[in-house]
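Now, the feature entries from TrEMBL:
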TRANSMEM  12-31  transmembrane segment
DOMAIN    13-419  domain 'Major facilitator superfamily (MFS) profile'
TRANSMEM  51-71  transmembrane segment
TRANSMEM  78-99  transmembrane segment
TRANSMEM  105-125  transmembrane segment
TRANSMEM  137-159  transmembrane segment
TRANSMEM  179-199  transmembrane segment
TRANSMEM  235-254  transmembrane segment
TRANSMEM  274-294  transmembrane segment
TRANSMEM  306-323  transmembrane segment
TRANSMEM  329-354  transmembrane segment
TRANSMEM  366-383  transmembrane segment
TRANSMEM  395-414  transmembrane segment
């Protein structure tokens, strides 16, 4: 019989990871929410400022396989240190770009932060599986994802407060940007040191029977190449890979083009467009936690994933056909509902993938899901942006609705084989029988 025990350190590991994931997401959004300020400060076009956000998506796709290999070959602690360290390095490089005409340096700094993201986004399911028990693993994964979402929410709120637009006083603008950049760098550095102190490769005792089984396998039995091959031979995972990419890519597209959609129908409401974006993110954070708690309670992975997918489709339809009614309060409500379900889907996809691919690496499956999301996100943003510009926001949103409907069909086709849950349940039943026999 395999001994399992929960470690108190698991909460500290989760908290530190969530915090530096938060800072990484904050650094992603801090330019786009102040696009007019930074375009004026660096003397560049809005397209060049947009690339400061797009670089996150572009960097992820080619680097995800090397990053997941490193996670499997060298482990959780080194990967976490790389994510936190590169995050801090990028933040300090930005501090050197506090002068007009230094756009290339700030782009290079943002590229470093984008590389850090590759070592961050794939960790929630790995941290949850390695450190948390079977009755809390989905909630832990949701909390880890929540940190990234909270960073985006703070990125909507804090930069406009710290850096008001002062086009006639560039020195004051540089001073205000410096406060934001140096503050981010100091926090990132502190979190890097905390990562070194708190993170360990794994707890002394495995938290679940499924982890105990994995730890009894000799390291030489594991092959990263074979793991990738196994994942791409797993038909349920391939269906989830595509459906996850569609849903999350659609969410990225809606978030990126939200300002353009709002201003088209509500001229001069840029501030409220940002608030609607904040509402969407905050509602999504609530959705993530509720979905995580529900999974831990019911273990109904496929059913919950399918229901949330269908509700996201309905939410986007309602958002699309009420956007031009002329009532901003309606947009706030429909945007919040849309964010609740679309963002609530993120931890569902991660945990569903772990269940149907066990005993393959959680980091590899999560990394491939994120890569799919980035690819669909780039394509959807470009196409929806073109449709929105040439026709109307409704045309762009209907394009996304059609793809999400395809995602519903693919999700319904997934065969739900909960391998990790079955291992935990099976071994626990054996333990009960052994105890009964002894007595």
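Any Cβ shown, glycine's included, is placed from N, Cα and C.
With pairs at least 6 apart in sequence, the transmembrane segment (366-383) and the transmembrane segment (12-31) have fewer than 3 Cβ pairs within the 8 Å limit; the two do not touch. Note: the stretches the transmembrane segment (329-354) and the transmembrane segment (78-99) are not in contact (fewer than 3 CB pairs below 8 A, sequence gap of 6 or more). If one looks beyond the transmembrane segment (137-159) by at least 6 residues along the same chain, the residues whose Cβ comes under 8 Å of a Cβ in the stretch are 10, 14, 17-19, 21-30, 33-34, 120-121, 123-125, 127-129, 131, 180, 208, 274, 277-278, 281-282, 284-285, 288-289, 291-293, 295-296, 343, 346-347, 350-351. Stretch with the largest number of CB pairs closer than 8 A to the transmembrane segment (51-71), among 78-99, 235-254, 274-294, 366-383, 395-414: 366-383.
The domain 'Major facilitator superfamily (MFS) profile' (13-419) scores a mean pLDDT of 85 in the predicted structure.
Looking at which of 274-294, 306-323, 366-383, 395-414 has the most CB pairs under 8 Å to the transmembrane segment (235-254), the answer is the stretch 366-383. When Cβ-Cβ distances under 8 Å to the transmembrane segment (395-414) are tallied for each of 274-294, 306-323, 366-383, the top count falls to 306-323.
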